[in-house]
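Novice: Marked as ATP binding site by Swiss-Prot on the basis of sequence analysis: Q84, G102, E103, G104, K105, T106, D496.
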Amino acid sequence: MKHKLDVTINELRLKSIRKIVKRINTWSDEVKSYSDDALKQKTIEFKERLASGVDTLDTLLPEAYAVAREASWRVLGMYPKEVQLIGAIVLHEGNIAEMQTGEGKTLTATMPLYLNALSGKGTYLITTNDYLAKRDFEEMQPLYEWLGLTASLGFVDIVDYEYQKGEKRNIYEHDIIYTTNGRLGFDYLIDNLADSAEGKFLPQLNYGIIDEVDSIILDAAQTPLVISGAPRLQSNLFHIVKEFVDTLIEDVHFKMKKTKKEIWLLNQGIEAAQSYFNVEDLYSEQAMVLVRNINLALRAQYLFESNVDYFVYNGDIVLIDRITGRMLPGTKLQAGLHQAIEAKEGMEVSTDKSVMATITFQNLFKLFESFSGMTATGKLGESEFFDLYSKIVVQVPTDKAIQRIDEPDKVFRSVDEKNIAMIHDIVELHETGRPVLLITRTAEAAEYFSKVLFQMDIPNNLLIAQNVAKEAQMIAEAGQIGSMTVATSMAGRGTDIKLGEGVEALGGLAVIIHEHMENSRVDRQLRGRSGRQGDPGSSCIYISLDDYLVKRWSDSNLAENNQLYSLDAQRLSQSNLFNRKVKQIVVKAQRISEEQGVKAREMANEFEKSISIQRDLVYEERNRVLEIDDAENQDFKALAKDVFEMFVNEEKVLTKSRVVEYIYQNLSFQFNKDVACVNFKDKQAVVTFLLEQFEKQLALNRKNMQSAYYYNIFVQKVFLKAIDSCWLEQVDYLQQLKASVNQRQNGQRNAIFEYHRVALDSFEVMTRNIKKRMVKNICQSMITFDKEGMPVIHFP
């Protein structure tokens, strides 16, 4: 139900936007008379007006949108409607446009993409999967090219494709790029691992439009993109600890709060662990690896459920997105948790790899100069959009009134009774010829219903979010007469279901939903599969006390009331009191689920702040190194002096042997100078002596280079090596630290404070280590040349 104040605020926002729409319409009438050449020429004119400062993007908007609108009609045969103009204005303003399914978001996005591309700084359309990005790009590319702009898919759509040198740079030089959030995120991380200026390819992120924006920057906000590096030293405790955890009893040995994903040992559990593993103090420094593995095993055993949080598929653990139900192949839980789940399932434990680079979607999109988003369910997340990204949500009116009937929830005592009723209703609908879309939360439930329907001679298409392209085609056909489709909540998302001939007269598409999802936005998305563009249709959600939402988030004990099961099922389902009570339980459970989701995202955002700031500083330093173009005239004495002062201050007593050892380890392998003249009691004298050796070694290295060009490459490479090796250690350490702090004090403000304090201390240590390694690398690295005459650097 919409709050009156929300409606009023939205109308005020629309009122100012409609004034701009009027100006677009005026220009639209004018440009209709332009020849094709005259219309195309406007792009060149707009660029010149922007470059000269005569216009800004805002002042150009009405005329530019009118040009893009007319071009859409001439090239694509589609003429953007006024509601699409409203959405396009919201997108240019950097806000969230709530547009219902079937209202033409793909066409809407072309106008702000065209306008912002005129600046020459690049624009991006970011969606959730490769199929949708490729589909929308191929559909809209002719429009952009007709208007004189360049457009590209942000990736090569070939499995395991190996990019050639300069290929990605060529992609990102286009005016408009269609890509996915995952592809863009990994490209950002890879770009910042480049070892030369020529190896970088990603320009500054200027303007982006995110499709399904709530799914990407709210639901997936906590999911970090990770590039893995070398294997960590693997613990052999996973299977042993799993056997110990199997002996523990809840509320005797451990306590848990499933709603908060918290679990911890009680005193009896600590004593049991000390006895089982024969350790005196479980929380001693010597036993910390054991404690970590016990915590991981407890979380794997009790907080992660098979077929809910993950599948066992082809011998691998495949994670499931809890909100969307989509499988996440290739994604792994960090800090040993993935390996603990493998041990729980009796599988061979995979190698736990260190983290080389990581970023969350939340921080990725904050790198954009400006970004906006489209979704059918933005209003429900408006407070989060504003708190995290300073975005408002504007509800764009539909072109035609929504005719879909959203029926009241149907309430049942148990899942078995619910399933029987659902099958009965599906059979009745199918007999009328009405297309039916049955949506489940899990793939397991979808497979069950598909099998039952086949046994009842009702052919059906099963979609469980595995093959995106194939399922998009199948979901598009779900509106045909007599069609029966069984799908998980994410299968075929982003694809319109158009009604076949004769279906409108039957009442349109019937959407039957097996249970409420953990987030009401997803419920709305599922209902929105029916009733596109004013089509008739219906939706109904079936609920029971056995539903996952109730089991996971509700503290009600109604399901445990034995008297409930002595009553007649039909009479009970017709009881207003019972129906009202169960609905209240479900609504409360969903609200708790949503609140916990918000808190978890807030917590993730808090934890991410340290690594985000550190990442920005490190990447800035990398870029400064990559910009070195005259290494011969660079003065590295200040850097070396800092390092040598660290050395003399860290040593309690400076001796001749220690200083000579330091020189061999950090400055020169061939040092043979007599040091009798050095006063080792005078720290400044030692620093001066070390600086002399540093300058001699630097001069020798420069002499060994064939040219200033190769010396420049040498300096860049050895400095980057120092930065990268220290940063990789820091990133991996912060990942481990976050997991450790989370396990100890999940959800507490002091946990966040502790994390930031330790993260800052470790960053200061890292910056000192970078300087030390820079000095060591520039002195002790060697350069040779291969058969082709290319330089090869050998690091110490």
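Cβ coordinates are placed from backbone N, Cα and C, and glycine is handled just like the others.
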Novice: Around the Cβ of G102 (ATP binding site), how many other Cβ atoms lie within 10 Å? Please give the count over every shown protein chain.
Specialist: 20
Novice: Identify which of the binding-site residues Q84, T106 has its Cβ surrounded by the largest number of other Cβ atoms within 10 Å, counting every protein chain shown.
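Specialist: In terms of Cβ crowding, the pick is Q84.
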Novice: My understanding is the cutoff is Cβ-Cβ under 8 Å with a sequence separation of 6 or more in the same chain; which residues meet that for E103 (ATP binding site)?
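Specialist: Correct list: V83, Q84, G87, V396, T398, D399, R532, Q533.
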Novice: According to DSSP, which kind of secondary structure is K105 (ATP binding site) found in, if we only use helix, strand and coil?
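Specialist: It is helical.
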Novice: Rounded to whole angstrom, what's the largest C-alpha distance between any two of Q84, G102, E103, G104, K105, T106, D496, listed as binding ATP?
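Specialist: Spelled out: the longest distance between any two Cα atoms in Q84, G102, E103, G104, K105, T106, D496 is 17 Å.
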Novice: Of G104, K105, D496, which of the binding-site residues has the most Cβ neighbours inside 10 Å?
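Specialist: Compared across G104, K105, D496, the most Cβ atoms within 10 Å surround K105.
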Novice: Which state, by DSSP, holds Q84 (ATP binding site): helix, strand or coil?
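Specialist: Where Q84 (ATP binding site) sits, the three-state DSSP reduction gives helix.
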